[in-house]
Amino acid sequence: MDNNLRFNFHRKITGHLTFPLLAVTLLSSFGSSMLYGYNLAVVNSPAAHIKAFYNTTWFRRYGVGLAPARLTLMYSLTVSVFALGGLVGSLPVGVLVTQYGRNGTLVRSNVLVFLAGMLMGFSRYLESPEMVIFGRFITGVHSGICLSVVPMYLGEIAPKNLRGFLGLVPSIFICLGVFSAQVLGLPELLGEDAYWPLFLSLVVVPAFLQLILLHWFLESPRYLLIEKNNVLGATDALRWFLGKYDVQDVIEEMQEEKRSLASVETVSVWHLLLDPSVRWQVLSVVVINMGMQLSGIDAIWFYTNVIFENAGIPDPEIPYTTVGTGAIEVVAGLIGCFTIEKLGRRPLIIVGFCFMGICCAGITLSLILQATVSWMRYVSVACVIGIIAGFCMGPAGVPFLMTAELFKQSHRPSAYIVGGSLNWLSNFTVGFVFPFLQMSAGAFCYLVFCGVCLLVALYVYFIIPETKNKTFMEISHMFASRPSFLSSLPDSVKMIKFNGYGALENSSLELSGSGSNPP
């Protein structure tokens, strides 16, 4: 059979999207990104049951129940320790993807999920709140690894015209994970007191499917060629993923990147931070990854029921209102995924953050006025939905995609460590501090998130260029050729030499008209 026919036969779906590309994207997102979303929301609906378990166990151990402040602290730790685990998991990503590859790291990380599922599933039987907390920590470690590795893997196997589309598929699965946790948390399903350990430990199901299926798929061709110098393996992987025999143009593009990195080994985090050639890329990764979490989305996901309760929604209606928000998350994620290659990265992330900022301000206003205006409770619900929709359309997935796109192969693992660690540190901060911030600042706590969203949107608008349909080398050249910030300033505020001292040109600091010179 002709080689071209052999590699195109029943592989091509549409354009450059082939069955192997689609399958590995769905499978890696299902077994990794979906678990992240599920674990964000899984502690929301059984919160009262988990607190009761903590209180009862404490009483059996020490003969006295937990004080309300200590109980709030323990539950806040249960919620936020997931992010602390994510921070720990994000740190060894560079070593793992270099040692085991992108695919190999994802497959091996599933062992963590099985351990966490056992701890949380048997926690009530063994009367151990510590097992719940430690299980949440281990699921966080798994998500910390996968949340960096999945977009790295997909960004490296996807052709440039599909990199945005495939890069946002994991964000859809994050939304699906949140939605599935909200549905399963309904009282009619696993929302009762007897089922919360099972509810927490269901994470083992997607992990098991990924473990047995993902290792059948090939490794990233960029990893094979640039890092392992395996030209034959990279060629086979490209033919498999792209569904065509002639992949010489892609091989040449990767060879060009490899030649540009001939004298550069994989860069450490410290060298990345000190490298002036990627200063703007690093700053951009810091801003968008921290902004993603400090936007307040985790406060919404962790404490949705509490927010609706404070907004005056009747208790029986809260679980179903929460499920409604989850359905809107999925729809918004699909809109972002199917429009990113048409609109680009910048419009989705700018509009998403701006919309979230407006809705955060709307929550503050509605909570202030709901005591006097009865229908303001529905405005609160609408604003919560707006924050989630705005997030899922762009900020949920674009930061991970941009982290892959802004760096060459040598810098990419360290860039994911920087972005991932700051992302998880911000996640932990919001999850742990939000209950106390809400108690102290009341309705005004959402204005903090509003400010963060608007500042991030401004930064992206002025600093980050559009990366749609650009190769990694082209994106690198865009940043290298951009003018420095100081060179773009107006002449009226530029620094000039003033008798050996720096002064502002055309400013009042120049003692014009003075007959004396400074010493």
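Backbone N, Cα and C define each Cβ position, glycine as well.
Taken from TrEMBL, the feature domain 'Major facilitator superfamily (MFS) profile' applies to 25-468.
The transmembrane segment annotation in TrEMBL covers 21-38 (among others). Long-range contacts of the transmembrane segment (21-38) within its own chain (CB-CB distance under 8 A, at least 6 residues past either end) are made by residues 13, 106, 109-110, 113, 139, 142-143, 146-147, 149-150, 153-154, 157-158, 162, 166, 169-181, 202-203, 206-207, 209-211, 213-214, 217, 241-242.
Annotation comment: TrEMBL describes 73-97 (among others) as transmembrane segment.
Sequence annotations record features per position, and here TrEMBL assigns transmembrane segment to 109-126 (among others).
The feature transmembrane segment is assigned by TrEMBL to 132-153 (among others).
Annotation source TrEMBL lists transmembrane segment at 165-184 (among others).
Annotated transmembrane segment per TrEMBL: 196-218 (among others), in sequence order. Counting same-chain residues at least six beyond the ends of the transmembrane segment (196-218), those with a Cβ under 8 angstroms from any Cβ of the stretch are 20, 23-24, 27-28, 30-32, 34-35, 38-39, 42-43, 46, 49-50, 53, 103, 106-107, 110, 113-114, 116-118, 120-125, 132, 135, 139, 142, 184-185, 190, 236-237, 240-241.
Residues or ranges marked as transmembrane segment by TrEMBL: 282-303 (among others).
What TrEMBL records for 318-340 (among others) is transmembrane segment. Non-local neighbours of the transmembrane segment (318-340) in the same chain are 41, 44-45, 164-165, 167-169, 171-172, 174-176, 178-179, 182-183, 185-187, 191, 304-305, 308-309, 348, 352, 381, 384-385, 388-394, 396-398, 468; each lies 6+ residues outside the stretch with a CB under 8 Å from one of its CB atoms.
Feature annotation from TrEMBL assigns transmembrane segment to 347-369 (among others).
Within the chain carrying the transmembrane segment (375-402), a Cβ under 8 angstroms from the stretch's Cβ atoms is held by residues 147-148, 150-151, 155, 163-164, 167-168, 170-172, 174-175, 284-285, 288-289, 291-292, 295-297, 300-301, 304, 307-308, 311-313, 321, 324-325, 328-333, 335-337, 340, 345, 347-356, 358-360, 362-363, 365-367, 369, 419, 423, 464, 467, all 6 or more beyond its ends. The feature transmembrane segment is assigned by TrEMBL to 375-402 (among others).
Remote same-chain residues near the transmembrane segment (414-437) are listed as 72, 76-77, 79-84, 86-87, 89-91, 93-94, 140, 144, 147-149, 152, 266-269, 271-273, 281-282, 285-286, 288-290, 292-294, 296, 298-299, 302-303, 306, 399-400, 403-404, 406-407, 445, 448 (criterion: CB distance under 8 Å, separation of at least six residues from the stretch ends). Annotation source TrEMBL lists transmembrane segment at 414-437 (among others).
Residues of the same chain lying 6 or more positions beyond the ends of the transmembrane segment (443-464) and with a Cβ under 8 Å from any Cβ of it are 280, 283-284, 287-288, 291, 294-296, 299, 345-346, 349-350, 353-354, 356-358, 360-361, 363-364, 367-368, 402, 434, 437. Per TrEMBL, the feature transmembrane segment maps to 443-464 (among others).
Taking Cβ pairs closer than 8 Å, the transmembrane segment (282-303) reaches residues 40-41, 43-44, 79, 83, 178, 272-273, 275, 349, 353, 356, 360, 384, 387-388, 391, 395-396, 398-399, 402-403, 406, 415, 418-420, 422-424, 426-427, 429-431, 434-435, 438, 446, 448-449, 452-453, 455-456, 459-460, 463-464 in its own chain, all 6 or more past its ends.
It is 132-153 that, among the stretches 73-97, 132-153, 347-369, forms the most Cβ pairs under 8 Å with the transmembrane segment (165-184).
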